[in-house]
Amino acid sequence: MRRLLFLLLLVLLSTSYVSAQVQLSTKSKRAIDLYTQADNFRVRRQFNTAIDMLRQAIEKDEEFVEAYYRLGLVYADMKNPTEAIRYYEQGLSHTTDVNKQKVFWFDLGEAYFASGNYEKSAAMLNQYLKKETQNRSRLGRAAHLLKSAEFALQNQKEVAPYKQKALSDTVNCFAMQYFPVLTADQQQLIFTRRVTNDPNADEDLVVSKKDAQGRWTTPQAISKNINTQLNEGTSTISADGRKLIFTACVGRPDIIGSCDLYESRKIGNDWTKPVNLGASVNSTAWESQPSLSADGRTLYFVSDRRAGMGRRDIWMSTLDDLDRWTRAVNVGKPVNSAFDEISPFIHANNQTLYYASNGLPGFGGYDVFFVEKDSTGWTSPVNIGAPINTHEDQFSLFVTADGKKGYYSHEETTGPGTSRSRIFELEFPEGTRLNKKSNYVRGIVRDKQSRQPLGARVELVNLSSNQVVALVTSDSISGEYLMVLPEGADYALYVNKTTYLFKSLHFNYAGPVELRPVEIDVDLEKAAIGSGVVLNNIFFDVDRYELKQQSIPELEKILRFLNDNPTLKIEISGHTDNSGAAAHNRQLSEKRALSVYSYLISKGIAKTRLIPKGYGPDKPIASNDSENGRQLNRRIEFTIVR
């Protein structure tokens, strides 16, 4: 009831304002009466009734300038710029009043821009800017729109050769489907669906999976623990498909603002009951459109809270050491502006951020841009260009880890006041792909003896910076893990679990690599006498025994293990292949073992707990008949001896 009274008051005020402020161009009382009634229906968004009345008003007086203008506004509200232009132009042709002409020039500038006619848009906006001196808000909007029209004129012919197509009707089976996201292995597609194009209709999350032939299957509700009779909207999923963050709005008992972000985790095959991310992330305002980093530990999202730079800004939060979300911070310039920035997507490489903005010159109201993270912060935004960006709004883009494909939704007008949104796939040809793409390694973590799956900590460490760049946990029921491997660095991958020896793996991704998924199952061995670890991230120059700087992360891992297990005594053993003289190799392997021994002593480990030993070529773990085998035999190990 209050809403109805407010709406009626708004209509009365709007009508009174029109009568008081605008000297109508007609003397026909019937035309004025129809015009006034039509405006009431326009405010109520009963557009078809408003159109009929305005056309009747024009029949009463064909030079009724304001009726033409109102018809243009109605069609603009209906997102029909072609009809809006038609009536604006007719109205403009019937007036010589410069104040009314300025209004038409401005709105024609917007309508021509919305239709993709950038040349006419620029002409109208230039006319407006020459004559208008008072209306600051419209002057700012006109100047901004003119920059976009000029940008589009300069760049519309530079269309990237993307191959794009709508996904099959198997996926696009609803009236509206939007904001698609995928797991890193591209086997699951999650998106929001509405069964009608009514913006107030129920939103739910659905998932489509690839079958054995690589085709997307019919979308299914993601989980009864997630979807409710309320709205569940835009979502994001971690690379391994085991952490989901989504948007839910008013109606939930634990809601903080008008829309909040919630988290659910997948354990085995089941999603947990969603949990509100709390006041560190959510505010009393509106939060939506989340995007998780590949490991699920950094979250980007959109909020219209007061502390922003514009009406809607991109914010971020990270998980602390206790897996709690830290207080969200504004991403700041150059990403955010005084306008709106929405629908962020952080690529699996954790360095490229895509988002939509209406605050920068572009082809439409909202265009997709990207920035890249360097040592000083974010680079300047780059418009991703045509054909993704057009004169219509483009709200989001998801790019696969390997950088070969993108997914986005596109809304199309299907009739007066109706539309349909579909999900599209595009292929990025060579030369248009990301600077830094990503691969992934996946497998199952098991107990070496019992063969039972284990929930273990899996961390990826940059060997040059000694920074943990990603951290995930293998599934406690299935033991499955997936870790994204971004190009651009040498990595150590560690698998750890309390009471077990850690596992050490090495990935050289410093330069371009073949982006073929890696499958590695990990068997963890209980920390007991006789068990040991091959240290794959201890490095020496050829025929040298001095530790290289990239060895520090592995040395610190050994140090932490020894400090966590103060009663253990280990043998540090050096090994070589069978190339060269055996005596020299034994001496070299012993010196290398001594280098590791000396480092650990320098960090406070008692000498009595360490036994350095060099075995040379005497204990191979692979055949020396191949380079790969010889490489495996050149190693440092440690073994528990007490």
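Cβ coordinates are placed from backbone N, Cα and C, and glycine is handled just like the others.
In terms of DSSP secondary structure, the domain 'OmpA-like' (527-642) contains 47 helix, 23 strand, 46 coil. Sequence annotations record features per position, and here TrEMBL assigns domain 'OmpA-like' to 527-642.
Residues 22, 24-26, 31, 35, 38-39, 42, 45, 47, 50-51, 54-55, 57-58, 104-105, 107-108, 110-112, 114-115, 131, 413, 416-417, 419 of the same chain, all 6+ positions outside the repeat 'TPR' (65-98), place their C-beta atoms under 8 angstroms from a C-beta of that stretch. Per TrEMBL, repeat 'TPR' is recorded for 65-98 (among others).
Among the features that TrEMBL reports, repeat 'TPR' is placed at 102-135 (among others). For the repeat 'TPR' (102-135), same-chain residues at least 6 beyond its ends with a Cβ under 8 Å from one of its own Cβ atoms are 69, 72-73, 76, 79, 81-82, 84-85, 88-89, 91-92, 95, 141-143, 145-146, 148-150, 152-153, 156, 363-365, 390-392.
What TrEMBL lists as signal peptide is 1-20.
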